[in-house]
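To start, the structure under review is shown below, and the notes come after it.
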């Protein structure tokens, strides 16, 4: 239980930068007149998350987890202090400051991505196979709690508290993470687990002892190329999962990212939009993430569970698409606002369940199709694919919405939500790695 609480705490701190960048700052910038295209380009600052699988082997094999977590918390702390120092320019929308904040957010993402590698490695090394589903729920819920704190909660508080004080509060949270790294109880347990795993590699029962000895020697000579071959070449299940990870959130991400900005553009206050889409919305997502664990247990098949939820998600996006057209919106703007918030929150419940199940599939895939020496890197490759689809489309979706308007954009988002349903239905027989 203590281990699960610690993992929740680490994922919570890891989720704060996501909330700041996806829910808080976009509303601030849009309120100051920044274009949707410019906001979309800011998503390219998430590139360190895409590249993390390239430096994951170095962190996983050669860097002490405790030391690296302390370094990442320190980096996040100093980035937050920089935002506090420049908060006046943040509010004024000064053009020169956009370069400063872009550099700061790039480093924010680098430290958060590096921290994610370490925490994922700790999760895989400290949880048993029977705890994976529960641990994955804790991962998703903890991350989204951090997103609430850094996103909608800050946006709502900005109506009552100066932004400088908000960044001071975030700095204190990261300072607590730095202090945590100095506590020895949890780390003593983790170090023992890691010591045993560095000298062990899982083999099939039909392999003889000579093969096992050879594999053990090879495992000490870590090859990143081999990790890629395991994920992309030797494993049909991993390849199919990577394709699904690239497409399963395209339509949903477009809808969820554009809705708060659409509400802001149509005359509603920043604090109101931030509260209903950032705080209440993320709470709805947490409910969905928690329910995903129980949905899996009830339906027993993760693939059946995710397919059912994807169908529900596509059905919910249809009425959201209708109110995105301004001709329908202006007939009853206040009613449309509440319908939009309600649909978004229901969608986030469903989306939270889908995310939990998808990360469970990722963990099962990693544990069954890669050796323990390569698990952290294999998992990083899968999570990079999951992010790549969201990141690239998020940039394109913002530009597309700027050019064609919210109505046409939401119609495309609806079509893209149907795509992963067809893929899972067609390729269901290729996902053989889950129990």
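Quick reminder: no glycine exception, Cβ is built from N, Cα and C everywhere.
As annotated by TrEMBL, signal peptide applies to 1-22. As annotated by TrEMBL, transmembrane segment applies to 67-84, 96-113, 134-157, 163-183, 230-251, 273-295, 307-329, 335-359, 379-400, 406-425.
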Item to check | Outside the transmembrane segment (96-113), six or more residues from its ends: residues with CB under 8 Å to it | outcome: 14, 17-18, 20-21, 25, 42, 45-49, 51-52, 72, 75-76, 79, 82-83, 86, 89-90
Checklist entry - the transmembrane segment (67-84): which same-chain residues, six or more beyond its ends, come within Cβ distance under 8 Å? => result 10, 13, 16-17, 59, 90, 100-101, 104-105, 107-108, 110-112, 114-115, 118-119, 164, 167-168, 170-171, 174-175, 177-178, 181-182
Checklist entry - Do any residues of this chain, six or more beyond the ends of the transmembrane segment (163-183), have a C-beta under 8 angstroms from a C-beta of it, and if so which? => result 9-10, 13, 16, 20, 66-67, 69-70, 73-74, 76-77, 80-81, 83-84, 87-88, 90-91, 149-150, 154, 157
Item to check | Highest-contact recorded stretch vs the transmembrane segment (307-329), from 134-157, 335-359, 406-425, CB pairs under 8 Å | outcome: 406-425
Checklist entry - How about the transmembrane segment (335-359) and the transmembrane segment (134-157): at least 3 CB pairs under 8 Å, pairs 6 or more apart in sequence, or not? => result yes
